[in-house]
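Here is what TrEMBL records for this protein:
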- 229-260: coiled coil (COILED)
- Gly330, Pro331, Asn332, Thr333, Gly334, Gly335, Lys336, Thr337: ATP binding site (BINDING)
- 511-595: coiled coil (COILED)
- 615-631: compositional bias 'Basic and acidic residues' (COMPBIAS)
- 615-634: region 'Disordered' (REGION)
- 704-779: domain 'Smr' (DOMAIN)
Amino acid sequence: MNERILRVMDFQKIIDRLIHHAETSIGKDLASQLRPSTNLEEVNKLQEETDEAAHVIRLNVPVPLGGIFDIRPSLKRSVIGGVLSTSECLDVANTIYGGRQVKGFVEGLDDELPILSELVVGISPLKDLEMKIKSCIDDHGQVMDSATDKLRGIRTSIRTHESRIREKLENYTRTKSNMLSDAIVTIRNDRYVLPVKHEYRGAIGGIVHDQSASGQTLFMEPKAVVDLNNQLQEQYAREKQEIERILRELSQQIAEEEASLAENVRILAQVDYMFARAELGSEMKASRPKMNNRGYIKMQQARHPLIPIDEVVANDIEIGKDYTSIVITGPNTGGKTVTLKMVGLCTLMAQSGLQVPALDGCEMAVFDHVFADIGDEQSIEQNLSTFSSHMTNIVNILQYVDDKTLVLFDELGAGTDPQEGAALAMSILDEVIARNARVIATTHYPELKAYGYNRENVINASMEFDVQSLQPTYRLLIGVPGRSNAFEISKRLGLDDAIINRAKGHIGVDSKSVENMIASLEKSKIQAEKEYEEAHQILLESEELRRQIEEEWNQFENKREALFKKAEEKAEKALIKAREEAEIIVSEIRKMKTETKLKEHEWIEAKKLLEEAQPKLTNKDKNKPDVKPSTEELSPGDEIKLLTINQNGSVLEKVNDNEYLVQVGIMKVKVKRSDLQLIGKPKVTYQKPLATVKGSNYHVPLELDLRGERYEDALLKLEKYVDDATLAGYPKVFIIHGKGTGALRKGVQDFVKKHPSISTSRPGAAGEGGSGVTVIEFK
């Protein structure tokens, strides 16, 4: 990427803002080297890094990047045998600690951060080296007494000598204070001295090390402390040697870890650089662009990165799909140049791994070249005119233009005769478009207004102007060429209508038709935008309604599935229990069959009871009434209902606290108390003797099927069947008449109401045939 485009687009201002967001000097150094990449894979990697760092920033947790220093110069000196200073050693220790903090921070986050996680894996802990340095040097950069036993001994000796010297000198301040300018002990040339008045120089005696500016005070070392001061100087020299030895040893240990330390610095710089890019995006309210190498740019509500958010006007722009060139026409000061720079600067930022100030979902292209011819950049030294300067730049641009190029022309063809300038502008655009480059050009030439309608892959655009307020709105209108609005503005400012009308008469027919076309286009565009907004709102409402319906449907499906599952579980349990009870009934039947000979109707009733048990239990959830077992004490003779098979019976005896022997029809079974419902206490009834019907070889069925019979024949059969069933001693029978027209059902019901042997009648239950059956119970 050429350096000129970076200068023209004010890219350095983006770099300066990026540097401001870096926390460390090594991160700032990387930020200062920000440059666009022309490799799609590399750009995507940079964007992924920025996006991942932005995700961490949105978690609102501070990133621990403090206390990290650029120790690379110190590492180089240590490797070649140099002795590092205490501050340099301390910076190494702090950077080691900072690296561990960053590594722990990333590893401690619950979110998946593949790029950061992979980066910090390479950070070496080096805790032993850090602890070694900090055991020798304190936070103020001073070598501590505890660094070595030898240093501790030397400093103890120093303190002893200093104490003895001060004691002697303080004796002077007490006994010879009249000879001193001030009764204090001070230091000159690393030796303890007294401020002696000039006239008492001989009285004190000793070595003069310095004097005051006026010469009235001499800083003298009395003879009494000369030897002690000499001994103190020897201790100072020993201390210096020991400190140098300690620092040399630390420097050697640092040099041994130079490779690991250098890698730590590289990683920490990269992490800081990533977060600086993310912080800049957050400040700009930017979003991650989807990158492509197809020359396609699409930004919604895009803003110029260097204009404050509360001042900039956002615009939508798209190029590289339906058209590869945009020609923006209209008057100056409307925002055309700002729009050009916005597209160029956003492109450079995206290719540098920065997010762009636009709504989510924006797309940006990776170009090999971005060229711009903007403003009056002619050189005074070169003595070039505006036109010559622009043309020189355009000639250079045309040498490199291809399908991987974005070209930005500002006021193309300006600075010369309008007719020739417009012709040159159209010819240059034709050349650039023919090479399939992406180009955005601004111009105020009216001849170029029709250009977009006469060329493929070209679309006109303009900057909106509010005639009412006489101010530009800075909104970009794609598809509408610009109007000068000179007549409207003049009229608003008070120019006489007659003058304006005469001016209009001077305009050629072609110009008038173009202006009329523009006015019509603007009107159509406004109407289309209005209809689009209405349609978009309807679409949003429809989407919301669809989402609500899907959500309610899913809830219904989940609830239905749960109910089905619950019902299946209940049915399965009921079926298992029914099978167990059916086995008990069969066992009882076999037992009774072997012990005594049953009557025919008793066999039939038992068989029917067994057959009815299965369907009633498998459909238990549907047909079983919501009956809870009673809690009253049961006694022999009590009428009960066996809930598991929905049949009535009576209690024979109590087996234990939780079990009873009951009679249901001809069956005697032991059941749990929880399966019994008390119906009533025993009644004293007359037991009618059973009659034999038509000999031992004849038996009466428990049901009479009258379906298909004529009405009169059916009633005759019914009367005979009721008499036979009464003689057989049946407690109840079933009359099947079907549903049909209802005439036969009514005849059956009328008959049973009048018969003296019949106690009650009712329609069949769901498992008995429903309204197509009448159930008769005898007295």
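Any Cβ shown, glycine's included, is placed from N, Cα and C.
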Same-chain residues at least 6 beyond the ends of the coiled coil (229-260) whose Cβ lies under 8 Å from its Cβ atoms: 74-75, 77-79, 81-86, 89, 92, 124, 126, 129, 132-133, 136, 143, 147-148, 150-151, 154-155, 157-158, 161-162, 165, 190-192, 221
Least buried by Cβ count (within 10 Å) of the binding-site residues Gly330, Gly335, Lys336, Thr337: Thr337
Rounded mean pLDDT for the residues that make up the domain 'Smr' (704-779): 84
